[in-house]
């Protein structure tokens with residue numbers, strides 16, 4: 001060991017104990033743990049995480065079966081129709097839970113008047129977002145498992161039958177959810193508590209335009225061009241193609257990936273601009 005190298009006792013996971021990388025990772029974990037403890041110690045918060053997704057699964061799964069049987073189809077045919085509703089529900093909760101978990105994670109700091117304290121710590125903005133994003137990933141995983149488990153148990157729908165194409169579809173939905181959440185966080189910083197409703201309402205506007213349960217061609221003609229601009233539209237179109245038993249729809253996934261990248265860049269740029277305005281105008285006093 002060279003004289004410049006830190007002692008073995010001061011090394012951990014390849015980094016010195018006091019290295020910037022290790023310190024940064026510790027702060028990210030601390031943020032994620034803080035939000036996990038808030039969720040764990042407040043059982044009513046599990047309503048968004050578990051109850052609402054389960055209700056959606058029961059609702060859309062039963063509607064699919066009933067619609068097919070009412071049209072004269074057999075229960076088996078009903079299950080075939082319900083698969084489109086159930087797959088849409090599972091995929092929708094991927095993007096919805098990711099977005100709402102990240103956005104409300106930030107709102108927790110404003111509700112508890114903790115934002116000013118965070119700004120006084122060595123915590124960087126990206127570390128905070130990474131920590132909340134990590135927590136959002138765990139929360140999304142819990143919701144998705146609940147939805148997928150109920151869909152399999154009650155309606156014999158196995159989401160993994162979509163095949164390997166499910167991996168890029170899920171990844172793009174997660175990134176879309178994060179991007180929308182960053183926009184919401186920026187708007188709350190800039191305009192205050194009046195913009196908090198967007199944490200729950202933003203994706204509700206996106207949902208019907210994205211064709212979660214149906215192709216965009218069924219939308220009114222005036223809305224179709226808008227829907228085609230949304231990356232989520234192409235992600236759900238790819239999901240429906242997988243349901244139909246075809247190969248991986250690379251064209252739709254490529255369009256979705258390009259749109260998602262643009263959305264993420266725009267969201268990060270907008271958040272940065274609104275954060276600078278937030279600091280420059282001293283808007284933090286709203287939460288002190």
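Every residue, even glycine, has its Cβ placed from backbone N, Cα and C.
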Completion exercise
TrEMBL feature transmembrane segment, matched against 17-36, 197-216, maps to 197-216
Practice task
Using Cβ atoms only, state whether the transmembrane segment (83-107) and the transmembrane segment (197-216) have three or more pairs under 8 Å that are 6 or more apart in sequence.
Solution key: yes
Exercise for the section: May I ask which of the stretches 49-71, 128-157, 163-185, 197-216 has the most CB pairs under 8 A with the transmembrane segment (253-271)? Expected result: 163-185
Problem - Distal contacts, the transmembrane segment (163-185) - CB-CB under 8 A, six or more residues away - result: 91, 94-103, 106, 129, 133, 136-137, 140, 195, 198-199, 202-203, 206, 231-232, 235, 238-239, 241-242, 247-249, 253, 256-257, 260, 263-264, 266-268, 270-271
Handout entry: Within-chain partners of the transmembrane segment (49-71) [C-beta distance under 8 Å, separation at least 6 from its ends]
Key = 39, 77-86, 88-90, 92-93, 97, 139, 142-144, 146-147, 150-151, 154-155, 157, 213
